[in-house]
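Annotated features in TrEMBL:
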- 31, 62, 82, 83, 84, 114, 213: phosphate binding site (BINDING)
- 194, 236: purine D-ribonucleoside binding site (BINDING)
- 25-270: domain 'Nucleoside phosphorylase' (DOMAIN)
Ligand code: HPA
């Protein structure tokens with residue numbers, strides 16, 4: 001058994017001691033978007049600190065736990081809070097929670113995040129469907145011994161974000177009266193925000209929104225054959241677009257201001273997704 005798979009099995013065992021809940025859909029909630037977890041008709045909750053070998057988040061606004069329960073009539077597991085590379089974890093640790101959601105039974109993973117808008121047509125408060133990503137500025141989470149039990153050594157990334165799920169997200173937006181942007185998300189390591197020149201460069205490369213998560217989780221989920229959908233909440237315009245400095249308080253405040261819209265979209269999507 002590969003080392004990573006062995007670690008995952010230990011973590012899985014800790015969870016299975018507490019619950020035999022089998023989710024259909026796994027959801028990660030980005031900065032300031034954790035309120036959705038309160039809409040879950042909760043069956044059980046497990047803190048990352050109670051799971052053997054699990055990384056524990058340290059950022060304010062990211063409390064790390066799995067919430068199991070029913071949302072819009074579907075069985076979900078929700079990652080409330082995630083761990084980030086900038087906290088000092090290895091990328092293989094950063095993707096443990098998403099891998100565990102898959103091993104618990106989830107076949108569909110919805111990844112959400114707070115992101116800076118690089119596309120100047122965007123405005124703070126917009127929601128963006130992720131149609132593709134750029135991963136080349138962060139370490140690949142699959143570096144190291146390949147866990148063959150999960151997937152192949154050289155996985156295809158031609159369509160990381162499932163086309164049917166993108167279309168269902170668009171249908172949910174139409175049904176709930178929400179306008180969505182669609183674009184390319186780029187992950188950077190953080191924790192510092194980008195410079196105006198870096199943002200100009202990233203725009204040239206084809207990125208529409210920048211953040212510090214999601215891409216590595218999408219790669220790991222895709223590697224193990226899960227269907228992935230992603231939604232970014234554009235919490236601020238990226239550096240240099242507006243004449244104002246960036247800060248985490250603004251990110252959390254914008255995410256909080258759009259939480260009703262975000263929750264409506266996700267709850268409808270979860271109800272109809274197939
Ligand atoms: N840059 C990177 N990550 C972010 C941003 C940003 O502007 N906003 C929220 N997360």
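Every residue number used here counts from 1 along the chain in the order it is shown.
Using N, Cα and C of the backbone, Cβ positions are placed for all residues, glycine too.
Predicted automatically and left uncurated, TrEMBL annotations should be read as such.
Projection of TrEMBL feature records onto the structure.
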residue	record	contacts (Cβ under 8 Å, 6+ apart)
114	phosphate binding site	30, 31, 32, 33, 211, 232, 233, 235, 251, 252, 254, 255
194	purine D-ribonucleoside binding site	116, 188, 202, 210, 238, 239
213	phosphate binding site	28, 30, 82, 84, 111, 113, 187
236	purine D-ribonucleoside binding site	116, 117, 124, 246, 250, 251, 254
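Taking the binding-site residues 82, 84 in turn, the residue surrounded by the fewest other Cβ atoms inside 10 Å of its Cβ turns out to be 84. The average pLDDT computed over the domain 'Nucleoside phosphorylase' (25-270) stands at 94.
Here the binding-site residues are 31, 83, and the one whose Cβ sees the fewest other Cβ atoms within 10 Å is 83. For ligand 1, the neighbouring binding-site residues among 84, 114, 236 are 114, 236, by Cβ distance under 6 Å.
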